[in-house]
Amino acid sequence: GDNLLFIYFGWEGVGLCSYLLIGFYYSNRNNGNAALKAFIVTRIGDVFMAIGLFILFQQLGTLNVQELLVRAPEHFKVGDFWIVLATLMLLGGAVGKSAQLPLQTWLADAMAGPTPVSALIHAATMVTAGVYLIARTHGLFALAPDILHLVGIVGGVTLVLAGFAALVQTDIKRILAYSTMSQIGYMFLALGVGAWEGAIFHLMTHAFFKALLFLASGAVIVACHHEQNIFKMGGLWKKLPLAYASFIVGGAALSALPLLTAGFYSKDEILWEAFASGNNGLLYAGLVGAFMTSLYTFRLIFIAFHGEAKTEAHAGHGIAHWLPLSVLIVLSTFIGALITPPLAGVLPQSVGHAGGEAKHSLEIASGAIALAGILLAALLFLGKRRLATAIANSGPGRFLSAWWFAAWGFDWIYDKLFVKPYLAISHVLRSDPFDRTIGLIPRLVKGGHDTMSRTETGQLRWYAASIAVGAVLVLGAVVLVAI
């Protein structure tokens, strides 16, 4: 749509589709909980986005994207309060939809849905909507450089934290989910350094190889009788050669192996733009993420497809099985990188558009880092895996594994900060404390009446004694006052 309001309607529509499809297997209560979690967390981001749209309309009188990009530089100076607030709200919406910190907790649980849904919605389309939103409104973010820098920081932190979380997961789909968070982090990093075309380029190539990996994982899960724990697989390369080839090609593209994969060209474009922008912190985050990506990707491949077979797998059959994988295998190679979106004149030129010897050196360095991650994965996870077992069983290894497995404890933190207080307040309000407070006065009056009623006994001796006691108290009070 050419209007942010129409985009918002579509934004909500894909959120509803995501909710319904995550809970598709409704007989399992955990799937319903995962769907509800995704719906609530993404709605938080949607509220921020709606506030941003209200601010833009109130200030500029339109939500047409082209008119916004024309009027905003005329109406706002760089760093004006309202444009900063509006872009911050748009960033909040993008963070929620694209599963970036701090609203990233829903995506891993969203893997409860059918695997084709994960391939389409939770890898290639819906979760990248936040990247599209920021790129589409690039002129607004250019007027709020601090918020644009914050976009890059969010992406850099997310891609590193998600990479470590993926390294210790055992569920094949959750590994790919954290990988998706990490790769979208690269896109946010690119946006943060003004690499608009690089972000959209990586969005496209990521759609190819991540859809390939998700569909291949679905083939593996079905072949292994719906087993998703990679440690209960092993030796699958013989039984599932097409799935194995899909993981090799998709994993190589995800790891950005040089020259042959689509991911290499898009990811290295982002790293070069980060270098050219002079933001070394984001560059280092991208390089660390490159190492972690190849490490956790080939950890999955070596554990699931090599070693001793632990389950009796059966191969898939039919054109519906091999045709999508074959097409995506081709698109995940350098051929996919040739299908560049027509962005000339649509997005501004980035600072590092022209490269040279420094760019080639960075490409060599990032390629070497990716290969180092693969070699370390082979050392740790091929064969008997004694070194990996020793590291995992050490004190620090157990602590870090538990911490990373729980995705750095964000769910626990949110449970303590938001869920538990909300439930406590709900428990109090369930008994209607306001009604109880209002009824307190009648209860006090009735209690006083009941107490006084007990003095009306109808016995003469009781009344005489009461009069005598009252007289003594009055005389005592008079004497005390006189003294």
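Note: Cβ is positioned from N, Cα and C throughout, glycine not excepted.
The following features are taken from TrEMBL:
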DOMAIN    2-293  domain 'NADH:quinone oxidoreductase/Mrp antiporter transmembrane'
TRANSMEM  6-26  transmembrane segment
TRANSMEM  38-58  transmembrane segment
TRANSMEM  78-96  transmembrane segment
TRANSMEM  117-135  transmembrane segment
TRANSMEM  147-168  transmembrane segment
TRANSMEM  175-193  transmembrane segment
TRANSMEM  199-222  transmembrane segment
TRANSMEM  242-262  transmembrane segment
TRANSMEM  282-302  transmembrane segment
TRANSMEM  322-344  transmembrane segment
TRANSMEM  364-383  transmembrane segment
TRANSMEM  462-482  transmembrane segment
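Beyond the ends of the transmembrane segment (282-302), by six or more residues, the same chain brings 152-153, 155-157, 159-160, 163-164, 166-167, 172, 175, 178-179, 182-183, 185-186, 189, 192-193, 230, 247-248, 251, 254-256, 267, 270-271, 274-275, 365-366, 369-374, 376-378, 380-382 to within a C-beta distance below 8 angstroms of the stretch. Across 6-26, 175-193, 242-262, 462-482, stretch 175-193 shows the highest tally of CB pairs under 8 A with the transmembrane segment (147-168).
No contact links the transmembrane segment (6-26) to the transmembrane segment (462-482), because fewer than 3 Cβ pairs that are 6 or more residues apart lie under 8 A.
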